[in-house]
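Here the structure is laid out as C-alpha cells; the discussion comes afterwards.
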Amino acid sequence: MVTVGNYCEAEGPLGPAWAQNGLSPCFFFTLVPSTLMALGALALVLVLPCRRRDVPSGTEELFWAADSRVAPYALQLFLATLQVALPLAGLAGRVGTARGVRLPGYLLLASMLGSLASACGLWLLVAERRQARQSLAMGVWMKFRHSSGLLLLWTVAFAAENLALVSWNSPQWWWARADLGQQVQFGLWVLRYVISGGLFILGLWAPGLRPQSYTLRVHEADQDVERNQAQSTDRTSTWRDLGRKLRLLSSYLWPRGSPALQFIVLICLGLMGLDRALNVLVPIFYRDIVNLLTSKAPWSSLAWTVTTYVFLKFLQGGGTGSTGFVSNLRTFLWIRVQQFTSRGVELRLFSHLHELSLRWHLGRRTGEVLRVVDRGTSSVTGLLSYLVFNIIPTLADIIIGIIYFSMFFNAWFGLIVFLCMSLYLFLTIVVTEWRAKFRRAMNTQENITRARAVDSLLNFETVKYYNAEGYEVERYREAIIKYQGLEWKSSASLVVLNQTQNLVIGLGLLAGSLLCAYFVSEQKLQVGDFVLFGTYITQLYMPLNWFGTYYRMIQTNFIDMENMFDLLKEETEVKDVPGAGPLRFHKGQIEFENVHFSYADGRETLQDVSFTVMPGQTVALVGPSGAGKSTILRLLFRFYDISSGCIRIDGQDISQVTQISLRSHIGVVPQDTVLFNDTIANNIRYGRIAAGDSEVEAAAQAAGIHDAILSFPEGYETQVGERGLKLSGGEKQRVAIARTILKAPDIILLDEATSALDTSNERAIQASLAKVCTNRTTIVVAHRLSTVVSADQILVIKDGCIIERGRHEALLSQGGVYAEMWQLQQKGQETVSEDSKPQDIA
C-alpha cells in the first residue's frame, strides 16, 4: 500500500533550493507547477471576460475545410490533451514503482497543479479557436495569434523542462536511470519535453486561428447586420488596453520636470519596502517574547526583546500597517505627488476638450462630458494609490509569507498559505469581473440621470413657460428608479463576493491552525511558533480582507477610465498643419474661392461659393434659414475645415496659418451671446485678458452700456449669473460688443447680432455696431434686410449657393429673391404698424 509521508523526502523546510550538484526536486516540483497554475489561472481571468459572446446566425454556414492547416491544429489539440494527462500518468508511475516507500507530498501537489494548469491551456486553446471563428463570421478582423497568457504558459512550461537539465549530475534526479523507477521518470520527462516543445512551436504559428482553416459562407444581405451587432455588444473586460492604461499611469507616477517630487516618490517606495520588512519582523519578535516567557529567560533579555517589539509595532501600526509611523509618513509625503497627478490629468483633459471641434461639442451633453472628466481624474489618482501602496504591497506580503513558512516552518504551511491565497485572489477576480457589467450599467444610467437634471435646470425658463415642472420631476424620478435598480444589483453582487471571501479565509485559517497545533503537540514546533503563525496569518489576512475592496476600486477606476480614454482618443478635427506660421495681416481682404463644405451627414451645405470682401468693406449675407450663412462665418473662423476650395485673408490660405494667429485678428458678435458666470468687468475683459479697468470702461462706453452698468448696485463687479441670465437680451448683446471692441480685431463677423432684440434696442445696438465696424472688414449675417441696406455688397444665399449679389438698390431692381424677401418684410412691418394703432372699442 502506498502512503504519503513528509512534504519533501527529508522532514523539514522546503529549502535549500540547490543541493548535491542540482536543484532540489522538492523545490523544483513545488515552484514550477505552482507557477504554471498561477499563469493558467491568470490567463483564464484575463481572457474569459474578453471573449466575444456573439455567435453566427442561422443565415451563415460555417464548416471546416480539408486544407493543409487542419492537421497542425489537430496535432496541437492532441499535444495539449496529452499534457493534461501526463502529470497524472507520472504520479501513477511513481506509485507503481514505489514498492512500499512513502511518497513525498510535493508529488501530489505537482501532479494536481500540473494537470490543472495544462487543463487551463487546453480550454484556452479551444476557446480562442471558437472566438476566431465567430469574429471572422461577424466580419471582424483579428490578429491570428494566441493570447499572451496562453503563449506565456507554454513558454514557461517548455523553459522549465530545459531548466531540469542543470541538475544532470545530481543523484537526486533520474538521469542515471539506475532502476525501473528512474527509467520511468526519465521517459516521462522526454514525453513532457516533446509535448511542451511542440506546443511552444505550434503556439507561435497558431494554426487553429488561421482563416484558411475553414470556409465561411455568409449571406451578403446579413453581413452588415451582423457586423453592426458585433460592434454593439457589451464592452469587454476592464483589463482591455491594460498596457496603454498602465503606461499612462506610469507617466504620472514619475513626475517629470520636478526633481523634488521625484525624490519624494523614491522615499515613498523605500518606506513601502520598510513596511514589508516590519510585517515579517513584528511576528518574529512576538514569538521570541512568548518563548522567553515560557522558558523563564532572564529579565534583561526579555526587556530588550519587548522594547524592540514595541518599537517595531510603533513603526508598523495597528497590525495592518495603515496607522503606523511609516505608513503615515508615506501618506503625508505622497500628498504633493497626488496633487501633481490630479493637476496633470485635469489640465490634459481640459486642454483636449478645447482642441476638439465645434462639431464634436455640438453633439455632446456638457453634463456628461464633465462627469467623464471628474471620474477620469479621480480614477487616475485612485489607481496610483491603490496599485502602488495597496495591491503591490499585499501581493508582496503574500509571496514573502509563503516563502517564510516554506523555508522556516514546513512546506505544508507554505502550501496551505499558497492555496488559500491563490483561491482567494482567483475567486475575487472572477466574481468581481462578473460584477463589472452591473457597475458599467449603473455608471451609464447615472450619466443619463445627471444629464437629464442638468438639461432641465439649464432650460429653467422654458420649463416655467409650459408649466412642465411635474413632467420634468417625473422624468427625473424614472431615471432615478432605473439607476437604483442597477445599483441594487451591484450591491447584491457585492454581498456574494464578501461571503465567498469570508469562507475561503476561514477554511485556510482553520487548516493552518490545526496543522500548527498538531506540530506543537508533537513537539516539532514551539508554542511561540504557534503564536507566530496565528499572528502572521492574522496580519496577512487583515490587508487581504481589503484586497477585494482594492480590486473593486481598481476595477471601478478602470471602468471610469474607459470613458476618459475614449475622450482622449477623440481626434482633433481642425488642427494646424506642420510648419504653420502666423497670419501676416496687411489690409484685411477676404477671398472665398470655389468653397465646398458638408457636415457629417454628407449633405453639401455650401456649393461652389466664391466672393471677395475688399479691405474695409461690409458684406451682408442674407437668405432663408438653413441656407449656409452662419456656416460661412464658422469656416472663416476655422471652426471647420472646408471640403474643397480655398479661403484666403490677404492672399494667405487660412488652413496654412496657425489658428491662434487667425482668430486673434477676427472678432465675432453672435446672435445668442453666452456670458460667463462672473462679473460684468471680467466678461468684458475676456476680449483681452490683460486689459486694465480704464480700458474695460472705455469699451463699455463705446458699446453704450457704461451708464447701465453704473446703475447696478455693484457696478462693474455685478455677477451676471450662469449664462448671463441676470441681464436682459440687449444688455448681454452690449457686453458682447464691448468685449469685441476691447479685443480690437481687424475683421468683424456679425451673426444676426440684433435679430432677437426689439426695435428700440436693435437701433441702439446697430449704432454701436456701426462704430465697431468703421474702417474694418466686416461680414454680416442678417435676418432683417433693413439693417444691411447700406452694405457695400449683399450676397443672397439659398441651398448653399450664391444666387444673387450686388448692392441693395441693384438687387431690388432685379426683382429676384432679394426683392421678394424685401417686399415680404415690408408688408410684415406695415401689418405690425396697423395692429399697434389704438382702436375705438365702441
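Each Cβ is built from the backbone N, Cα and C atoms, and glycine gets one as well.
Since the structure is predicted, the reported quantities are computational estimates derived from the model, not experimental observations.
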Which range of 306-326, 474-494, 768-788, 789-809 is transmembrane segment in Swiss-Prot? It is 306-326
Going by Swiss-Prot, the cysteine from Cys8, Cys50 that pairs with Cys26 in a disulfide is Cys8
Regarding membrane topology, does Swiss-Prot annotate Pro72 and Val473 with the same topological domain? yes
Quick note, Gly623 (ATP binding site): same-chain residues at least 6 apart with CB under 8 Å of its CB -> Lys629, Val796, Ile797, Lys798, Val817
Counting other C-beta atoms within 10 angstroms, the emptiest spot among the binding-site residues Ser625, Ser630 is Ser625
With the cut-off at Cβ under 8 Å and a gap of six or more residues from its ends, the chain residues touching the transmembrane segment (186-206) are 72, 75-76, 79-80, 82-83, 86, 89-90, 93, 121, 144-146, 150-151, 154-155, 157-158, 160-162, 164, 174-175, 177
Around the recorded ATP site (Gly623, Pro624, Ser625, Gly626, Ala627, Gly628, Lys629, Ser630), other residues with Cβ within 8 Å of the Cβ centre, ordered by sequence, are Thr631, Ile797, Lys798
Rounded Cα distance, in Å, between Cys26 (disulfide bond) and Ser630 (ATP binding site) is 80
Densest Cβ environment (other Cβ within 10 Å) across the recorded positions Cys8, Cys26, Ala627 belongs to Cys26
Residue counts for the topological domain 'Cytoplasmic' (327-375) under DSSP, helix then strand then coil, are 44 helix, 0 strand, 5 coil
